[in-house]
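Input: a single structure, listed below in structure tokens.
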Amino acid sequence: MVNCWNKLKVKVGLKRPPLPDKRVIPVGPVSQSTFVSEPYSLKKLYGNNEINTARYTWYGFFFQNLEEQAQRIANFYFLCIAVIQLFTDSPVSPITSILPLVFVILLTMVKQGYEDWLRHRADREVNNAPVQIVNIDGGLTTSKAYEIKVGDIVLVRANETFPCDLLLISSSEENGECFITTASLDGETNLKRFLAISATKGLDSPELISKKLKGTITCQQPIDDFYKFFGKIEVTVDESNKVITQPVNPECLLLRGAQLRNTDFVYGCAVYTGADTKMSLNSKGKQTKYSQIERKLNSFLLVFLGLLLFVSAFYTVLKYFLKPSTAWYIYLPETSTWQVVQDFLGFLVLFNYIIPISLYVTIELQKFFGSMFFGWDVEMYDAEMDQPAVVVTSDILEEMGQVQYLFSDKTGTLTENTMIFQRFAVAGGAFLAKGRHIFPLAPTTGTSTLEDLQSPRISAAGIPSSNMPMTALNLFLHLALCHTVRVEREAERLDGEVKPKKKRKKLRIHLDKRKKVAPRRATSVYRRVSAMHAAAAAFDSIRRGDTITNDEYDYQASSPDEKAFVDSCRDFGVVYHGIDSTGFLVVTVQDRTALRYRLLDVLEFDSDRKCMSVVIQPVPNAEEESTDFDPNVPVLVLCKGAETSMIPRMCKLSQLTSHNPINDLLHDGIFGSRINEVSMDAGQVMDKVNDFASCGLRTLVMGARHLSGQNWQELKAKLDEARGKIDGREAAVAAAFKAVEDKLVLIGCTGIEDKLQDGVPETLRALTDAGIQVWILTGDKEETAVNISYSAGHFAPGLPIIRLTKQSNLRNCLQQIEAQYDGAVETRQADPNYKFGLVVDGASLNYALTTIARQKFLKLCQLSENVLCCRLTPIQKAEVVRLMKGSSDPRPVCAAIGDGGNDVSMILEADVGFGLMGKEGRQAARSADYAFTRFRYVKRALLFHGYHYYVRTANLVQYFFYKNLVFVLTQMLYGIFSLFSMQSVYNNLYLLIYNITMTSFPVMFYGLFEQRLPQELLMSKPEIYKTISRNALLSWPKFFIWLAFATWHGLAIFFGIYFLALAGTSNGGNFGSAVGTLDGFGSFLMNVVFIAVTLKLLLTSYHWNVFLLASSGGTLVLNYLIFILVNFVDLPIDGCFQLWYLWSEISAGPASGVLYLALFLLLCLCLYPDIIYRSSVDSAELFKTAFSRKKMISVAPAPSTSSSSPQTPTRRGSGVLQLGGNSNYGSIAVFKTCNCLNLGYENPKAELLHSTESSGNLYNPPS
């Protein structure tokens, strides 16, 4: 039955049919017209290119959103209460529950509806964008983007965005290349080079495509990884009908959202459309994170729900136990089970207001508006990048105030990710690179800092680049060729001709005028203005005898390391010029001799291999013009990577063989007769690598391999076969890569400096003082990471280090962990102040995270002061975060910060994710909860914003439970005096507006603008952060203190008014009095409760700002206007007529003076314990601060005698002290002094003291 239903939904288009294992797509209009797809059509299988990011449809929004909100426990609870009121003999009108529920739901619905309308509008703009598709007649059809279907050949022009994921068929360049920028996908602004399928790169017009292109693409079904795509294309491109089969890979897949640059046009075949594009798959929502406050809030709700059920059951029992008189005029229904159930439900309805209905929507709005302050903070604004801080999600703002562990990446997060080539080592020794000279380094090792030119390890006389040793020249040639860098030039002038850049501008204008005309490749030299072709023109000039101005080159690299290498090579006279017009790689050496190479393949870097390779073939013949592979010329494999990856791949020195020279500088220099003098053994390499790492440098090892033409053809065939596989492709490619990157000759190693960002040591020190343990998780070498940790202040000078590294098996690793743990515990018992750092490498971590060793390893980590994990993979980073998250009860709050794609898994795993918008793109920032540009901003995010967000939200939650308990407690007390008759003491109007107009606005502004302590103190004294850690303000003792005050307020207010009415003091006696009647008693009771809970909020606040005071005063005015209205108008609310002229009697009746006096006395009576408690807590903190040994902090300098001094404290309203006459959020300190508590500390000239206790108030002690 289910299968039939699913098939029916598929048939009518309500459900997508099951996708096959592989995607087979016809290529081009001819193939589309003859292609048969069984059992479903391509359109039904893959749909069109429509993008839909909206959550709701326009016609189903109301019901969809209503269903979504009904899934919230609180909304469902109040819905049940409303249903009970409708279908039972409710003591109060159902409207008192229905209207607040409707208000909350509609408010949320409006907010979510507006957000979804913005999504719909953005979707329409994308879906309706015009595109051009090749038709079967050889022309172009203009369509809308959403009409594209798989197999369509789409034309994309320069600077346009790709409308779907396209397989590159051809481009305006003869070699089929194009350049794109993926800034909207991963934030990387550098241009990336893509190559068309070689079989189709000549089809550069609609006529040729329609006439000659036939075939299919077989590829994987869509996945969300931007960098994974594999399959094969089988096409015929001429009249011979010969089928050409070639593999396809990520280098020929143009992703939706990327932009075409420096290329006039491209033709691409639509492979993934609509929701199947990689951009759409990466737009799915992240896993929902919950804060500590939300978890505690659920516990509080359960307590109040249990209290509600208990009191309802208890009152039901008492009602039947204490039956009133059985006089004939009192109607008492017969006792039955249904009647008892009805009575229980009646009490449940009467007391249900103890659960705050508006709590969730208030918190949601408070977070929504409060998150804007994070982005508006000028202290976190990066002027250089013109980039403010960004809140990706506002759901866990307060969690920034609870962080106990911070896991940080190193490269690009703690460092600038600006690489400077510092040192290199070859068989002839180690050298320091400075300017255009190299300085030999003495063979001694062991220094831990970077030396300058005066260091005794450096030779006094530098070697100019023109006289560098052959071994060094080999290394620089290797570095100049082993990369994926591309060349750009500001402008090129060709033998007196005009600059192509200007011609490019004219050409673009001309193209704009003929948009509907199919573009073709131009023949003019002026169109070749992409960076590669500008470089080619430069090379042609060299051959004619001209020289090159090296400074005109601008190298674009996806890796900062590669850019540093190529820039340094240029400085030392080995200049990489890119690819010339015929497709050769071009490098010139000091004497301007041009070296040309065929680029045969690139084996991209991946985190598993930890290396990358370029396969090239020398072109020794200066007259050679063909880029086709020459089997008679040897092939070079140039490889660079981490030493852990390169040394296992090296060739044994005993197996080295020299080869005949071929008149190529690189080939003859490495593999010539001096090969034994050029190569390095593993011991030499490791010594130099360790030496460089001890200086805090990033290290790489370089190697090369010689292959005959025949050997390369065999390896290339295996590579192509592996890349063409769909099933098991990754393993096959890894095996093929391993076969190529084998038997390497190690020719040298390098050390690159990555400078620390500004403020990193100060930030790490502040975080440590705040009680936050910082872990550094990096993929760098151990010694490099350790030295960076010391220089960054992560490891304090002299801190003992425990190393859990180089473990080869589980048993040894476990023994090492146990021994280190037992030793640390023993030492800690003898010296409680003993601290140590822990260093772990990736190989040892694999064993430490096993089930057997996991808990011991965790305990060792918790004992340590700080932890450094090196040589980690992205998955290992996430595993480390997961380890600490599950460490104890209560579980710690873990934050993670990183800047690159390899940090995404760690950021997503953490409770709070910070992403840096830096040079490695914005992939980490998109995956994070909060994003900014510099590591030092995390200090302000946690210590300032996190502190305030937590304090505001914690007090907001407790206040909601407090005010509702006061309100319901008076109702419960009245139930005793009404013999549990379920009579409400409050009119239905009061029940309706209490949670809406009476108490919602002041607490909202409190949650937005409360500042318990000024920013200067929070930033200068990180220890204050400890006072709120582990959810201190929402602990059970704090919660019960709030409940105790609520209980006292309810008792004092109820019995005060009760005795006032009982004594008959109002209006000369109870007969005809205002308070002596039920409605008068309830109205006056409501009045006192309303004012008391508002004053309680003001007493809770440490920052009386204009918004809080205005909202409090405005709430009073609004509700008294409502009272005046019901005094004269009968509103359509059940029982509202009973309030006619009642408020006239209360406010202006004969005994109104007595009521005003009673109001004042009752407020003083119920709030006096609050004042005493606040005073005692604040006085204790003041006393502790005054006599502590800690240095007192002055927020502002001593005020000048001049009245115009901007730092002179000025009084603004009752109980408000402001420094500097300004109240901008986050820029000055505005806080409440003690005069409202009658402590007498009002001297503005005294220094402001601080405390690290949880209350943390500031005072001006008496002179």
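Backbone N, Cα and C define each Cβ position, glycine as well.
Curation does not apply to TrEMBL; its annotations are automatic.
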Listed in TrEMBL for the ATP site shared with Asp409, Lys410, Thr411, Glu562, Lys640, Arg698, Thr778, Gly779, Asp780, Arg871, Lys877, Asn902, Asp903, one of Phe374, Phe605, Phe836: Phe605
Which residue counts does DSSP yield for the domain 'P-type ATPase N-terminal' (43-98) in the helix, strand and coil classes, in that order? 33 helix, 0 strand, 23 coil
If the ATP binders are Asp409, Lys410, Thr411, Glu562, Phe605, Lys640, Arg698, Thr778, Gly779, Asp780, Arg871, Lys877, Asn902, Asp903 per the record, what's the largest distance between their Cα atoms, in Å? 25
I want to check the contact list for Thr411 (ATP binding site): same chain, sequence separation of six or more, C-beta distance under 8 angstroms. What comes out? Asn417, Arg698, Asp754, Thr778, Gly779, Asp780, Gly900
What are the non-local neighbours of Asn902 (ATP binding site), defined as same-chain residues 6+ apart in sequence with CB under 8 A from its CB? Asp409, Ser607, Gly779, Thr873, Pro874, Lys877
Surrounding CB atoms that lie within 10 Å of the CB of Asp409 (active site, 4-aspartylphosphate intermediate), all protein chains: 27
Annotated stretches the transmembrane segment (1039-1061) and the transmembrane segment (1081-1099) touching (3 or more Cβ pairs under 8 Å): yes
Once the chains shown are all counted, how many other Cβ atoms turn up within 10 Å of the Cβ of Arg871 (ATP binding site)? 21
Tell me which residues of the chain lie with their Cβ under 8 angstroms from that of Phe605 (ATP binding site), as long as they are six or more apart in sequence? Ser559, Cys611, Met612, Gly641
If one takes Cβ-Cβ under 8 Å and requires six or more residues beyond its ends, the residues near the transmembrane segment (299-322) are 73-74, 77, 335, 340, 343-344, 347-348, 351-352, 354-355, 957, 961, 965, 972, 975, 979-981, 1039
Might you confirm whether the transmembrane segment (1081-1099) is in contact with the transmembrane segment (344-363), defined here as three or more C-beta pairs under 8 A between residues 6 or more apart in sequence? no
Recorded stretch that, among 959-977, 989-1009, 1081-1099, 1106-1126, has the most CB pairs under 8 Å to the transmembrane segment (1146-1168): 1081-1099
Using a 10 Å cut-off, grab the number of neighbouring Cβ atoms around the Cβ of Arg698 (ATP binding site), all chains included. 25
Look over the recorded stretches 959-977, 989-1009, 1081-1099 and say which has the most C-beta pairs under 8 A to the transmembrane segment (1106-1126). 989-1009
